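Here the structure comes first, spelled out in structure tokens, and everything after it is commentary.
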Amino acid sequence: MATLAVFCSGGGSNLQSIIDNVSSGRIPARIGFVLSNNSVSRALERARKHAIPAIHFSGIHYPGPAAYEQAMLKLLEEHAIDIICLAGYMKLVPAQVIRRYQGKILNIHPALLPKFGGKGMYGIHVHAAVIAAKEKESGATVHFVTEQYDDGPVIVQQCVPVLPGDTAEQLAERVLAVEHAIYPEAILRVVSGKASMPKLN
Ligand code: GRF
């Protein structure tokens, strides 16, 4: 059975959707731990409520980036993690971790990548940009993580309409509902081998 690690920084509503789909058995996997750079993130509370190890992992605990990277790799190995799910994780994942988990590290982005991705495109800023661009639709994307931000092969994508007069908050809410549906589906495809990432040369 695959073991997942979920990395979060904030509320953890995507984490909750993953927890619910693992608990129901829809995703044949277990969650080895939830990690957050934010010691008071609601995501860590959600993990604790489900007796999932909740780990506060921050650069402030390490003398430098190399020690931080090695400690993260060690943590992943100690928990025998097979797949990493970034779910509202706002920190950069160290390059060696991405390389070690190539094809086994997923992220969810609240837009139709490759549009509205990359630097500065996070949270409400994404939806504000979509509205400012007068897009007729937006959506959510789950993709494999590579060393380029928001750039890896798409696993699952789902659209939502942008309605006349939408505020960024209204669009964000509509997209978030889709995120909660597609992230478990994407994990299922990776766990079952239906979705895999071509080996980068
Ligand atoms: C989601 O909108 C996700 O697309 C983005 O950050 C947000 C996380 O929300 N990466 P939550 O913490 O899962 O509620």
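Placed from the backbone N, Cα and C atoms, the Cβ positions cover glycine too.
For 4-187, the entry in TrEMBL reads domain 'Formyl transferase N-terminal'. As annotated by TrEMBL, N(1)-(5-phospho-beta-D-ribosyl)glycinamide binding site applies to GLY12, SER13, ASN14. Summarising the annotation, TrEMBL assigns (6R)-10-formyltetrahydrofolate binding site to MET90, LYS91, LEU92, VAL93, ASN107. The active site, proton donor annotation in TrEMBL covers HIS109. What TrEMBL lists as site 'Raises pKa of active site His' is ASP150.
In this model, the domain 'Formyl transferase N-terminal' (4-187) carries an average pLDDT of 97.
Listed recorded positions: LYS91, HIS109. The one with the lowest count of other Cβ atoms within 10 Å of its Cβ is LYS91. In the three-state DSSP scheme, ASN14 (N(1)-(5-phospho-beta-D-ribosyl)glycinamide binding site) is classed as helix. Here the binding-site residues are SER13, ASN14, ASN107, and the one whose Cβ sees the fewest other Cβ atoms within 10 Å is SER13. Overall, the recorded (6R)-10-formyltetrahydrofolate-binding residues MET90, LYS91, LEU92, VAL93, ASN107 cover a maximum inter-Cα distance of 12 Å. Around the Cβ of ASP150 (site 'Raises pKa of active site His'), the number of neighbouring Cβ atoms within 10 Å comes to 19.
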